[in-house]
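Engineer: Structure below; questions to follow.
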């Protein structure tokens with residue numbers, strides 16, 4: 001059973017009170033917005049090519065480049081190998097982004113990985129990805145970015161010590177030259193004997209800094225001419241970010257020794273103190289602004305994941321509703337913020353990065369494997385972009401090696417990620433697959449949905465299914 005069939009069944013199994021839930025809020029405005037296409041209550045197509053590039057670059061360059069260099073160097077063991085990891089990490093992201101460009105123009109739905117996996121493999125696999133993303137991936141990533149924001153803001157105040165634990169958490173909640181190391185003779189002087197497992201963990205640290213390269217796919221329905229602008233934005237942004245990251249790390253190693261970088265609690269602040277002198281205060285402010293913008297971008301895109309999951313019937317229907325006037329998914333945004341605040345006080349930053357990077361890479365691999373399967377399953381679909389089969393195969397080979405050695409080196413961290421993902425199986429069968437629930441359950445859901453509508457002033461969007469349905473070659477010819 002494919003994702004489309006599961007979606008139809010989910011909607012058919014929704015409580016019969018859905019219309020009763022939608023109607024009250026439409027009456028509040030006094031008009032039926034379905035009369036005029038321009039006035040439809042739906043996600044608006046307002047993201048052009050420039051905005052699309054800004055979303056990708058802004059989500060990638062949020063906080064990762066300010067905290068991941070320490071983790072990459074620690075696991076790589078030398079300056080030269082860490083630079084190789086950064087360049088290769090960008091190359092791997094480029095391969096993945098090419099695959100996502102094909103998926104994005106073939107299945108033009110918001111929701112990114114989740115929507116593609118649900119469409120290709122069906123409801124259970126899609127729900128497991130959604131479960132791990134909502135429960136772990138995006139709240140953890142947002143928490144790490146918020147902690148980076150608070151660490152850099154507080155670093156000038158606590159220059160010679162670590163900022164207090166409570167201060168960093170409270171501030172996070174509110175925001176929601178040494179050239180010797182670059183010489184070839186010294187660039188590969190290892191502080192430890194490198195192992196394949198440690199190199200794999202270095203790649204995981206770097207992958208956190210590159211996370212966000214697929215986030216434009218989460219808002220496909222809000223992109224102007226997505227079949228053109230989505231791939232263009234990806235092809236422009238990924239090489240640019242890779243260049244910026246590589247040059248940033250070269251700048252770090254040009255101004256401080258590897259030992260100083262590893263000892264620093266805020267790498268960019270140490271960098272500013274070395275180069276800017278009395279103007280070093282500029283650096284923490286700049287990093288805080290960057291991370292604050294990253295939080296905004298992550299909330300914008302991750303809320304669309306909750307929205308897409310609810311639309312498919314995998315999350316409460318309240319999360320599929322959007323504001324009557326602003327056309328934004330307010331309930332989904334509130335859920336993302338709440339989950340992030342809950343996870344803020346759990347774990348240490350670098351452990352959280354390893355944790356979320358493993359689950360991220362797992363979802364990337366499943367999605368790109370789905371691209372190959374979908375080509376075999378639906379060969380007649382219109383594919384404005386069709387990458388060489390060597391691109392997804394190359395990515396999957398690297399993906400399998402990286403995850404295998406990461407699991408070997410950090411079995412507890414990586415294993416817990418798999419366990420948490422699998423806990424979604426009973427949740428799926430109870431919450432989604434079980435259709436004949438007691439009437440009291442539907443009454444509670446109806447009550448919560450109605451109250452949520454009143455509080456957030458939201459309604460179900462009035463969608464044009466022709467904009468999010470995959471096209472076949474014959475469909476395109478008929479148009």
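Note that Cβ sites are derived from N, Cα and C of the backbone, with glycine treated the same way.
Just so it is clear, the model here is predicted, and its values are computed rather than measured.
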Engineer: May I ask you to indicate which of 177-198, 199-220 is given in TrEMBL as transmembrane segment?
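Structural biologist: In TrEMBL, residues 199-220 carry the label transmembrane segment.
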Engineer: Looking only at residues six or more beyond either end of the transmembrane segment (79-100), which have a C-beta under 8 A from one in the stretch?
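Structural biologist: Result: 69, 72-73, 112, 181-182, 184, 186-188, 190, 194, 199, 202-203, 206-207, 209-210, 213-214, 217, 234-235, 238-239, 241-242, 245-246, 249-250, 253, 258, 364, 367-368, 371, 387, 391-392, 394-395, 398.
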Engineer: Do any residues of this chain, six or more beyond the ends of the transmembrane segment (330-349), have a C-beta under 8 angstroms from a C-beta of it, and if so which?
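Structural biologist: Contacts with the transmembrane segment (330-349): 67, 134-135, 138-140, 142-144, 146-148, 169, 172-173, 176, 299, 302-307, 310, 318-319, 321-323, 355, 452, 456-458.
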Engineer: Would the transmembrane segment (275-301) count as touching the transmembrane segment (387-409), if touching means at least three Cβ pairs under 8 Å and pairs must be 6 or more apart in sequence?
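Structural biologist: Touching, no - the transmembrane segment (275-301) and the transmembrane segment (387-409) miss the threshold of 3 or more Cβ pairs under 8 Å.
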